[in-house]
Structures are given as structure tokens and as C-alpha cells.
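In TrEMBL this protein carries:
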- 61-288: domain 'G-protein coupled receptors family 1 profile' (DOMAIN)
- 1-22: signal peptide (SIGNAL)
- 39-68: transmembrane segment (TRANSMEM)
- 80-98: transmembrane segment (TRANSMEM)
- 118-139: transmembrane segment (TRANSMEM)
- 159-180: transmembrane segment (TRANSMEM)
- 200-224: transmembrane segment (TRANSMEM)
- 236-258: transmembrane segment (TRANSMEM)
- 270-290: transmembrane segment (TRANSMEM)
Amino acid sequence: MEYGLFLSFFVFLCIPSTGIYTSPNQSAAQEFIFSAFPYSWGSSVTCFIPLLFIYTFIVIGNLVIITVVQLNAPLHTPMYFFIGTLSFLEIWYTTATIPKMLASLLGEKTISLNGCLLQMYFFHSTGISEVCLLTAMAFDRYLAICSPLHYPTIMTPRLCAQLTLGCCVCGFITPLPEIAWISTLPFCGSNRLEHIFCDFLPLEIITAVMLIFMSYVGIVAVIVRIRSAEGRRKAFSTCVSHITVFLLFFGSVALMYLRFSATYSLFWDTAIALAFAVLSPFFNPIIYSLRNKEMKEAIKKHLGQKLGEWAGLCRIDRG
């Protein structure tokens, strides 16, 4: 499926400026059908159950990360502040698409034009906010490794809050002109979308990828110059989770949007869309919890406290 400048999923655009004429008697499409979903009940249920599990895991996993970061004083650092914010955005990023996917699997596979525009806006606004935040996280790791003596005075709580606010403002403002422009276009022709959610090509992705890539090139260059093997290991361990998330997220972005003239079958288009919108957010809580010693210890600590409280309450009830 080709992804054009505007809507990748519309088969036909009636734009008067291009010389394509729309008859006054022809009604523009106001509802679209997702044709990529299975239509048999058995296949729909087979897809519904794992997708529901993944969405539940994403929400609970990210809520655990947010809670642990907030309640654990040793984690009140710029790096974990950004991780907590990223987890918050991940919840809303997936909520923009997955609940509608679940509803489409078991019910009507349609979406209104206004619903499609809203889904595109929230999917891309939260996605662009994440891209900006990943850029801020790369900047944070660059300062921590390349300028460790100046890091505490530069990366202050105030700067962290300003960077986070700037990321969200940028994310939620950037898609507005594109969505507003798309909403003025009369869509006609087939209303069947060979996709699982509403989408268009975000042009700002390439700039963000280059900024993050250059930050990590600088980090790797500094790590390589560290003389001791132990020093290199410690320096690399502080940013390995971020690099993993970066490769996972932008790898799926590249397959989704930076395909240039390459075309895939409907099966592979759907698989790539799932990797981009579902699997990448699914692995993020695992990467930031299981591959992070401080996070693992904090989660174990709070789970132990909660289990102890529940056990104490059970003993009181029995007494």
C-alpha cells in the first residue's frame, strides 16, 4: 500500500485544484470500513484475545513504572523523570488505536470521518510527543556521559519540566495544520481502508531521527575513548535501554513510513502497522524494568511492601 503525503489509506481524493471534478450530486464519504480485519468470528476472536492481553499489559506495565518512579526517592532523577513521562504518553498512544481495533474485531469494522480525524490526531500527537521526548532523553544521556561534571547544574528539575512541556506542546500542535487541512478535503470513491487504523505520513519523523542518531553517535564516540573496560561498561549501561527503545521504535517507524517506493502486500502492511502501534509499546515497559537494575529493585521493594500489607490485613480479618 502506498503512503502519500496526505492520507495513505484513501484510494481516491477529489481535489478541485488538481482538475479532478466532483459532481454536485455525488456525496462525499462520511464513514470508512477497515478491510484489513478478519471477517470470520473464529479468526476475530483469535486476534482479539492476544491484542487485549497486550493492551492490558501495556497499561498496567506503564502504570507500574509511573507509580514506582513517583514513590521511590532515589529515582527522582532526570532520566527516570523522562521514563515516567514516556510511560504516560505510551498509555495514551496505544489508547488512540487499540480500543478501536478491539471493537472492530468483534463488532462493526467502520469508523466515521470525524472519528478517523480524531484518531489520526491523537495517534500522531502522542507519537510526535514521544519522538520529541526520546530526543530529550538522548540529550540527557549525552550530557550525563560527555559532560558529567556539568550535568547536575545543566539538567535541573526546572529544565526537565521545560523540556517535557515543550515536547508535549510540540507534539500536540504539530499535527493540527495537517489534520485541519485533511478535514477540508472532500473524500470520495471507495470507502474501504486497507489498514487497521487511520493514518497519514508524518514528515517531521526524519528530523527527529537525525537528532537522536547524532546524539548517540557522540555518546558512543566518548565511550570508546574511555580507557578502562569497567568505565566503558558503566557508561554504556546507562544508555543501553534508551538505545534499545530508539532502535525498536524508529525501526518500526522506518518500515512504516520511510519505505520510499517499496510496496508490500496487505498482510505485511498490517504486520508492520501492528509492530509500530502495538508491539513497540508492548516491549518498552519490559526494557525499562527488566533491563534496569534500579527499576527492578524499586518494583520488588514496592511489591514486597504491598504483599506485606495485604498479608497483614488478611491476618487482622481472620483474627
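Glycine is no exception: its Cβ is also placed from the backbone N, Cα and C atoms.
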**Asked** List, by number or range, the same-chain residues at least 6 past the transmembrane segment (39-68) whose CB is under 8 A from its CB atoms?
**Response** 75, 83-84, 87-88, 90-91, 94-95, 98-99, 101-102, 105-106, 109, 278-279, 281-282, 284-286, 288-289, 295, 298-299, 302
**Prompt:** Who are the chain neighbours of the transmembrane segment (80-98) in space, where the CB to CB distance is under 8 Å and they lie at least 6 residues beyond its ends?
**Reply:** 51, 54-55, 58-59, 61-63, 65-66, 69-70, 119, 122-123, 126-127, 129-130, 133-134, 136-137, 140, 157, 160, 164, 167, 196-197, 277-278, 281, 284-285, 288, 294-295
